[in-house]
Amino acid sequence: MCETARTLPPDIVPITVEEARTLIRHTGGPALDALLDRADAVRRAVHGDEVALCGITNAKSGRCPENCGFCSQSAHFPGADAPVYPLVPAEEMVAQAKVAERAGAREFSIVTSGTRVAKESELATIEEAVRKLRAETAVEPCASLGLVREPELVRLKAAGLMHYHHNLETARSFFENVCTTHTYDEQLETIRAAKRQGLKLCSGGILGMGETPEQRVELAATIRELGIDCVPMNFLNPRPGTPMEHVQAITAEECLAAVAVFRLMMPAAHIFVMGGREVNLGGRQHLIFRAGANGTMVGNYLTSAGRGPGETVRMVEEQGLRLRAPDTGREWAFDGSAPAEAEWNRRAAEPGGKRGLPVVGPPRGGCA
């Protein structure tokens, strides 16, 4: 989703956990305005006025043996209505990446459901897709394959993988309320293995699953300690048939305060506001940039609809910000024409549309 974290100017100092615990409760009135303005100033000082977009493909969906309570792809929740299909061919992944690239995505992630990629044939297909992404597109290849083991990371990096994504999802102190089929330490080891292989790291979480504001700060502190380059922030969009179907949504003000605190705690990191922004922020989605975000998604999520590329790009430009275009080596401009939008919608509606074509969102082994 992003490049390596930036180097901080000498006058920008990350806030402490103690200050973060206070600020994250500034969810209204002048206190929230001041918090957003402070985060906006840090974003501009460190990251300028550019906003990056990213895309993913839901390359393998459903029948996941993990029991993440937010995820409609879990086999533990048969009442959830998520698409189920095996790993798509490498050519289909590349075709989706090309659509996302034309929409402005700088990075494209291959996401698979399941604990990890266990079959040699699947790993070989993903390696092939990564090689083709490097050869045929300008997007930077990323993968989100669950609790991947280090030997697989070695192979994927050799194929050209540049980023690895694995969300922690929530604070360690709240994790048992979200998932019991794998441990927090297993997640941390996955991230550390990717770091040992020199891959750029992408890890964040989903807010609004019942955790306290202090636990949101706890998650941010863990991410900061890991030295994550890119932090995707998602807000729960309860999926029918999952244990979290009836969880009360957090307010737009709580979402914005959390984004601002994450920015102030991690001024050098790239912060992307991803899944759930439509549901939780509504008409205030544009404020994610004032809250400190410097990236977002374009298009649909893994198992639910999002905004089209034109709407997202217009939102960026209306805030006086610039899209950080794909590094194609040639002049690039977003094609917001009706034919281009029609092509996007056509791809989303054809058989692959059930596979989230093209999509962006908050993967962790396919959870979204």
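Glycine residues also receive a Cβ, built from the backbone N, Cα and C atoms like all the rest.
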Report the candidate from Cys202, Cys255 that shares the [2Fe-2S] cluster site with Ser109, Cys142, as recorded in Swiss-Prot.
Cys202
Would you please say which range out of 303-324, 347-368 has the annotation region 'Disordered' in Swiss-Prot?
347-368
Taking DSSP three-state, what's Ser109 ([2Fe-2S] cluster binding site) in: helix, strand or coil?
strand
For Cys64 ([4Fe-4S] cluster binding site), which DSSP three-state class applies?
strand
Under DSSP, is Cys71 ([4Fe-4S] cluster binding site) helix, strand or coil?
coil
